[in-house]
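A.B. asks: Here TrEMBL flags Asp21, Phe22, Asn23, Arg37, His60, Leu61, Gly62, Arg63, Arg119, Arg152 as substrate binding site. Annotated (2R)-3-phosphoglycerate binding site per TrEMBL: Arg37, Arg119, Arg152, in sequence order. The ATP binding site annotation in TrEMBL covers Lys202, Glu324, Gly350, Gly351, Asp352, Ser353.
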Amino acid sequence: MAKKTVRDIDVSGKRVLVRVDFNVPLDSAGNVTDDTRIRAALPTIKYLIGERARVVLMSHLGRPKGKVDERYRMGPVADRLAQLLGAPVRKMDECIGDQVRQAADSLGEGDVMLLENVRFYPGEEKNEPDFARQLAALGDILVNDAFGTAHRAHASNKGVAEFIPAVAGFLMEKEISMLSRVLSEPAKPFVAIIGGAKVSDKIGVIDNLLQKVNALLIGGGMANTFLRAGGLETGKSLLEEDKVDLAKQLMRQAKELGVAMLLPVDVVVAPEASPGAESKVVAVQEIPGDAMALDIGPQTVQNFGARIKDAATVVWNGPMGVFEMEPFAGGTVAVARALADSNAVTVIGGGDSAAAVEKAGVADKITHISTGGGASLKFLEGKELPGVAALQDK
Ligand code: ADP
Ligand code: MG
């Protein structure tokens, strides 16, 4: 990797400020209902403890919008972290100020403290230099392990790096190296699967991947706009009229580049997107005027599956249908299984896509499932993420 990681610097005895993603779901009583993100940060935290660093953790939680919101205090997170570490975690009620500063300075080697929710301060999301400077005063080094916010230029991941050297934590390192590996040196055949609701959300991703892949498989709601571009009627399906020309242009471009673009040949239709709706499979030429296409059909699953089977690299973003509802989850689950069964390097980006793979029960058979929804999309667009740009080069 081109960026320095926590392994490339000497942290022993230093105060290390660590930006983690502890944005975990809480129930109404304030209990952590899923600690996946806390556990994902443990390798970096344990490494720092082992190196006898003095560890100052910070994260956001929920959307408190720049002011104190009692529902989003970090207390329950600190408790869970302490449990997982089997060591005490000193929880602060603020992020900046004399008291926090003194606490950070008095940490012993291998001690861990957790700051209050950084989004209690308006300076965080606005990346105000004064807030960043006060955070930076708590550490000698910044370790950024929060890939999920790397596409945002906030004080805790970008601003702080103006004052102290910044390096990647292990989770960040894994995300950057896996995502850049498939974009810069993919083993061929390279297949991309793009789905989800709208073409407009994914134009950047399609543009970037078209230049690199051998085949592009399109499903989900956005496929309707491509079907329309091919002259078909799509009934009441989700359709972006104003993107039909763009879809035509992308289809031409694929042809010029020699990229096989596969669209659905059959779809699951229903009168409405509801879990109890009566659904049936029709050829794409026969979508009824009063129906919506809500999933790819079995023949399309076969066509996509054949490409996936032959691939050496597969990148997938965007579900193939309204997978949240049982009658329209089949295509997405089948594609997830095809990825799980293939020998290819398989990488999944996008929040809903990651959830779909979990739901299909095959997450452990995928090479890499990105933990950052928006961040992974920006990365697949080929954009440099502000939080990554702020890390020191090797
Ligand atoms: P990701 O978060 O993985 O990037 P998106 O947010 O782009 O994925 O898309 C996910 C959403 O797309 C899901 O809520 C799903 O219900 C919706 N979707 C998929 N296929 C269709 C369809 N045919 N019609 C309407 N919505 C769809
Ligand atoms: Mg989404």
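A Cβ is built for glycine as well, from the same backbone N, Cα and C atoms used for every other residue.
Curation plays no part in TrEMBL annotations; they are all automatic predictions.
Thinking about packing and proximity, how do these listed features fit into the structure?
C.D. replies: A simple way to gauge crowding: the CB of Gly62 (substrate binding site) has 15 other CB atoms within 10 angstroms, across all the protein chains here.
Proximity of Arg152 ((2R)-3-phosphoglycerate binding site) to non-local residues of its own chain (separation of 6 or more, Cβ distance below 8 Å) is seen for Glu125, Lys158, Pro386, Gly387, given in sequence order.
The 10 Å shell around the Cβ of Ser353 (ATP binding site) contains 29 further Cβ atoms across the protein chains shown.
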A.B. asks: Would you mind reading off the Cα separation of Gly62 (substrate binding site) from Gly351 (ATP binding site), to the nearest angstrom?
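C.D. replies: Just about 16 Å between their Cα atoms.
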A.B. asks: Count, for each of the binding-site residues Asp21, Glu324, Asp352, the other C-beta atoms lying within 10 angstroms of its own C-beta, and report the residue with the smallest count.
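C.D. replies: So among Asp21, Glu324, Asp352, the binding-site residues given, the one with the fewest Cβ atoms within 10 Å is Glu324.
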A.B. asks: Find the one among the binding-site residues Arg37, Glu324, Gly350, Asp352, Ser353 whose C-alpha lies closest to that of Asn23 (substrate binding site).
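C.D. replies: Result: the closest of the binding-site residues to Asn23 (substrate binding site) is Arg37.
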A.B. asks: Nearest to Ser353 (ATP binding site) by Cα, among Arg37, His60, Arg119 (binding-site residues)?
C.D. replies: Arg37
A.B. asks: So which of Asp21, Asn23, Arg37, His60, Arg152, Ser353, listed as binding-site residues, have a Cβ under 6 Å from an atom of ligand 2?
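C.D. replies: So the answer is none.
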A.B. asks: I need the nearest neighbour of Arg119 (substrate binding site) among the binding-site residues Lys202, Glu324, Asp352, using C-alpha distances.
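C.D. replies: Closest candidate to Arg119 (substrate binding site), judged by Cα separation, is Asp352.
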A.B. asks: Using DSSP, would you call Arg152 ((2R)-3-phosphoglycerate binding site) helix, strand or coil?
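C.D. replies: Note: Arg152 ((2R)-3-phosphoglycerate binding site) is coil by DSSP, not helix or strand.
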